[in-house]
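Worksheet for the structure shown next.
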Amino acid sequence: MPFLSRTCERPKWDNKIQYLLTCIGFAVGLGNVWRFPYLCQIYGGGAFLIPYLIALVFEGLPLLYLELAIGQRLRMGSIGVWNSISPYLGGVGMASMVVSFLVGMFYNTILAWVLWYFFHSFQNPLPWRSCPVFNLTGKSVEECELSSPVNYFWYRETLNITPNIETSGSLQWWLVICLATAWCIVYVCFIRGIETIGKAAYITATFPYLVLTIFLVRALTLPGAMTGLKYLFTPQWEILKNPRVWLDAATQIFFSLSLAFGGLIAFSKVNCLIQDAIIVGCINSATSIYASIPIFAILGFKANSNYEDCLNNNILSLTNAFNMGDQNITIENYETWLTYLNTSDPTKVANLHLKVCDLQTFLDQSASGTGLAFIVFTEAVIKMPGSQVWSVLFFIMLFTLGLSSMFGNLEGVLTPLLDLKLVPTCIPKEIFTGFMCLVYFIFSFIFALGSGNYWLEIFNSYVGSVPLLVIAFFEITAVSYVYGINRFSDDIEWMTGRRPNIFWQANWRVISPLMLLVVLLAYVVIQAMQELTYSAWNPNYVDFPMYEVLPYPGWVCAICVLLSTVPCILIPLVALYRFVHFLKKRVERLRAPSFYENEGYVSDM
Amino acid sequence: MFPRLHFAVCFTAVLGPTLVHTLCPDTADGYKVRLSIKTALGDDAYKWDESEMFLFRATLAFAMRKYNQKPYEVSDVLVCNETQRVSFWFVVTDPENTSELISGKDVERAVRISRNRINNAFLLTDETLEFLNIPPTLAVPAESGTPPWLIVFGVVIGVVGVGIIALLISSFIQKRRKKGVTEGEEEDCEEEACDKGNGVSHPVEEGADGVNRGFVGDIPFTKL
């Protein structure tokens, strides 16, 4: 019967594996491998997992189920869906579109970085294996000596980063051409259509797991890996008091499941994933945690080797100053020797200016921020035999993961624009898409400046956080209280044959909106009182290679606030606009009532 | 206790003229050498004794000979201030006039030329056999004309560019072909009353019995 095609039928047995692979391919993206470990590391590892899992269960899964169901039921793009629930909520769709646009700008910059590393993987030896050396003097660059070749390659040769955000530096031409390549590839794949890419998704769905497992095995065999893993899994309970952790946990769930971006609703128009929403959500989170295990193992290894280098430097200074036998002082007996020498000749020891070597500081400091995945995996790659092959494989994997997310992003911007009829129909879709990619490309020049990485972190923290939560809050309240939970449950029963149980009902009605509201309010209140800071890479800093913590200047703070509020402002603005329109119509009708006007057909627009 | 030991070591280590007290260490023309044998060789480390010192002096004499072809002897290399570390100072005297020292610059150049041979004689490297104030000489790294990454970039952007042009042309051709067919389709749409709800045009889903399936979705909600 034709009308049954609207319900979500489970596929037959032989298609089951293909179907599951499509779900998995959809669930895993760059957010799992790049963003989750970087957030995890900022919040000191283990402590982040608790708010993350809580956010998954009480905010992520309910919202995922909701978006999939509403998209499948109403069969419209993100703007149409909210308009049809209530005209006053049309702003939610527009806010999603603006957020998709802003995220797309910086997201493709990450792909440009991936391409840059990919291009450099075809050299022997890999350029991040050792420090570049000046020809005649035989000395290597000081910045590289003090940090590490891998860090130097990332901060200096890739980003050419400036010491602070005020210094913009110049446009790095190599990043511009990588950005151009990335946008061209996105454009080609987008106009070709997702259908042909869909077949390749069966390989691209399992490929990341294979590569991650290989890296996991290698990482666990490195010395110091266990230190890193302990760091990941031991919670620091004090972190939980900071509302920023809860905010970032919720936004990570939203980011990685592509919730509140509008793309999911459009996706659900065509594909029916409602029954497997839970599986998709859980696979996504499990993959994030699985991807962070090798990253933290390698972080542990890096911290451990930095710590040993620090100690060895101190030992060398002591051995040379006191002319003692070589290897008399070792890492094991360093402490005893230090105390002995300090008591016998404290001035000589003081003159050596020995560094304090603390493993915990190295764990916190060895790599962090948006470059974490790049630094850590390139470090791992140089320790493997056949480094070039692993490097190429890894960066292809990252690129394909990011590419599929970029499609969702572009869809999230293009479809609403087409729905809003802002595109003149004479322009063919390909030309318009090309024009959009060009606009995106020009805007992303910001991230190709010397201070580009600092701007990317701002975009990542302020666009990919508060607006998503606000949109999510309005989505849940719109469906629960404007559309009606009972009506929604009936829809789901009709589509899947089962009514959603008490867990979903409780979440949609009370728990999720309440949690979102509490987290948002707590965050706004506490952030308003604090100074906003960031970590800068400054070779002239006294404690280099530690990051220098600087406050954001006033104008940058203003931009941060703007980025967070502009998407959210659209919601009340559109409601206001509709209300004014409604009032105008009311006034007109009162002035000149027409007997021939049939009010039964007043359009909802 | 310690200074006396140094003195004794100097005496026994230098077999030669008694000018050792005044010439060595001459910080202008002398260099300090530092060896880290255990760091370099671990368990295979050899013990530093008089024979090893003899080898050092002989190697240095060899390096000087290689440098300016004068007939240097082992006795021309004077060593003093030996410590447990193992570190010591050395100076080189002129073979023709043993009260004259070879200048520091010449010694430095000689060492740099034969550095590799000196290192290998002791199974050590530039870091573990240090001549303080003599920088190590490194092999000049091979420089290629175009950086390899630009080549890869060129290949990728070429393929992508060709892809874009090919796709645009093929979709343009497809559109041209479709235009002939769609003109007929649009007339069909007007006859059957297309559902134009919400600005999106769907052709109406018709079953075999001619029932308009566009309203099927509302069936559960229509209560009598």
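In case you wondered, yes, glycine gets a Cβ from its N, Cα and C as well.
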For the Na(+) site that TrEMBL gives as A:GLY25, A:ALA27, A:VAL28, A:ASN32, A:SER256, A:LEU401, A:SER405, the extra residue out of A:ASN242, A:ASN284 is A:ASN284
With neighbours defined as other CB atoms within 10 A, the best-packed of the binding-site residues A:ALA27, A:LEU401 is A:ALA27
Can the transmembrane segment (A:202-225) be said to touch the transmembrane segment (A:278-299) if we require at least 3 CB pairs below 8 Å and skip pairs under 6 apart in sequence? yes
Ask   = Does the transmembrane segment (A:462-485) reach the transmembrane segment (A:506-526) with at least 3 CB pairs under 8 A, where each pair is 6 or more residues apart?
value = yes
Comparing A:42-66, A:87-119, A:278-299, A:431-456, A:506-526 for Cβ pairs under 8 Å with the transmembrane segment (A:171-190), the winner is A:431-456
* Do the transmembrane segment (A:506-526) and the transmembrane segment (A:87-119) come together with 3 or more C-beta pairs under 8 Å, pairs six or more apart in sequence? -> no
In the same chain, residues at least 6 away from the ends of the transmembrane segment (A:552-580) whose Cβ sits under 8 Å of its Cβ atoms read 87-92, 94-95, 98-99, 102, 165-166, 458-459, 461-463, 465-467, 470-471, 474, 531-534
A:ASN32 (Na(+) binding site), Cβ-centred 10 Å count of other Cβ atoms over all protein chains shown, is 26
Tertiary contacts of the transmembrane segment (A:278-299), defined by C-beta under 8 angstroms and 6+ residue spacing from its ends, are 20, 23-24, 26-28, 31-33, 36-37, 40-41, 45, 49, 52-53, 56, 60-61, 64-65, 208-209, 212, 215-216, 218-220, 222, 225-226, 228-229, 231-232, 252-253, 256-257, 363, 366-367, 372-373, 376-377, 379-380
Quick note, A:ASN284 (Na(+) binding site): same-chain residues at least 6 apart with CB under 8 Å of its CB -> A:ALA27, A:VAL28, A:ASN32, A:SER256, A:LEU257
